[in-house]
């Protein structure tokens, strides 16, 4: 490693193992030796092979730099490439996450009303920040919501996101929309309305929330027509006024010819849900986008009365046109290479300063760590297919891969068990400068009611022995702890896990996913090898 300078990137990250692989490249878990944090390093291969893919990656790394928020996944670092004009791969360092909401929903039938409330609150809080920056995510779905053992969620995958400017032509702005149909707003099922709004993301959040409540997708359409059919089965036929404002003539004819359907009461569709939650869900799933609340309005709903706090629901500064001027012109691979290199320099302040001052050397004075990483990644890739890790979730496109960890031991595991070992849920805000992870939550003895018989989630609790400031105590008013089902007078085990849903739970693709016990061998206790609960009962951290 004699080619490293004071940047020391190669020495900084200790590569551990491959945790994901796909058409984009490879994901490895690593230890940041400077901070002690677990991270996920994504090697994205041949990013300039297709201009569209390179543009998507540029868009995402730029947005994740600009949108810094606790409910949005964070890029911690991007490694310096060995050559400014010839590099083909990039290495992006993310915070390490334990799972995604798709796996949590599929694996758990014991989520409580407190979980539902806090999950939705985080999603809307993150969405408020995104929308006030004039950004539309456009691809919100459970697989693009990361989750950890503390019930903290983060929005990821901004490859299809767009920044909205007042002079952006609508037709151009939406020509490449390819998001997942099941979470697609009705106005996107056939170019319904002349102007699209952030309400498309609100609809997606409503679909995700409904899926949390029931454990299965709300609108699993097989095609666009079927999607409209099952939407109107629940919501009823749109009003003539709504239909008249639809710009697509075929869509207008189809809806006008549709038999008149009466809406199904949400209390009938979701009989066990909180009435306040149902009223908010009805607003988010309004057929007409103008009837849906903004993220800020939804956060002010009575449903969040006991946890909402405007002080921790920040807005973003609108993103300037200059940041995304490349979206408004035809660009070449070399243009994108230069723009991505400029984004990488944001994580190398000294070189960025020289770049901006025009004093940058023609050759690299600060050699890259990429050469060192290539050898490690190549070795791990070679051994990846030998049964040491579980198969990673498949990607739908080539934007930055999700920082999602799959569990591994000496045998393959099914994706249905990825979140089997998420050990506890702690409702807390990531904005806080909390204590060291070794001391926070060191005592998590239940102080409220024990879990109901046969259930795994106890009551909402506070910290046991954590000394916090008055401000932090106000912040930390609500907490959900996952406890195993226990018999009366029995002790609480140190670790607990999300129970599995029915193994025939429907997947996002509409297929039935089953677990083949012949491939997994005899049952044995699941252990979260990546971010385990420690022997004293503390859950894993980011």
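Each Cβ is built from the backbone N, Cα and C atoms, and glycine gets one as well.
Its Cβ taken as reference, residue 139 (active site, proton acceptor) is surrounded by 23 other Cβ atoms within 10 Å in the chains shown. Secondary structure from DSSP puts residue 139 (active site, proton acceptor) in coil. Marked as active site, proton acceptor by Swiss-Prot: 139.
The secondary structure of residue 27 (ATP binding site), as reduced to three states from DSSP, is extended strand. The feature ATP binding site is assigned by Swiss-Prot to 19, 20, 21, 22, 23, 24, 25, 26, 27, 42, with sequence analysis given as support.
Positions annotated as compositional bias 'Polar residues' by Swiss-Prot: 488-507.
What Swiss-Prot records for 13-304 is domain 'Protein kinase', and it gives sequence analysis as the kind of evidence.
Taken from Swiss-Prot, the feature phosphotyrosine applies to 177, supported by similarity to another entry.
Summarising the annotation, Swiss-Prot assigns region 'Disordered' to 388-412 (among others).
The feature region 'Disordered' is assigned by Swiss-Prot to 482-542 (among others).
Within the set of binding-site residues 23, 25, 27, the entry lying nearest in space to residue 139 (active site, proton acceptor) is 23 (CA atoms). In this structure the residues listed as binding ATP are 19, 20, 21, 22, 23, 24, 25, 26, 27, 42; their two most distant Cα atoms lie 14 Å apart. The average pLDDT for the domain 'Protein kinase' (13-304) in the predicted structure is 89.
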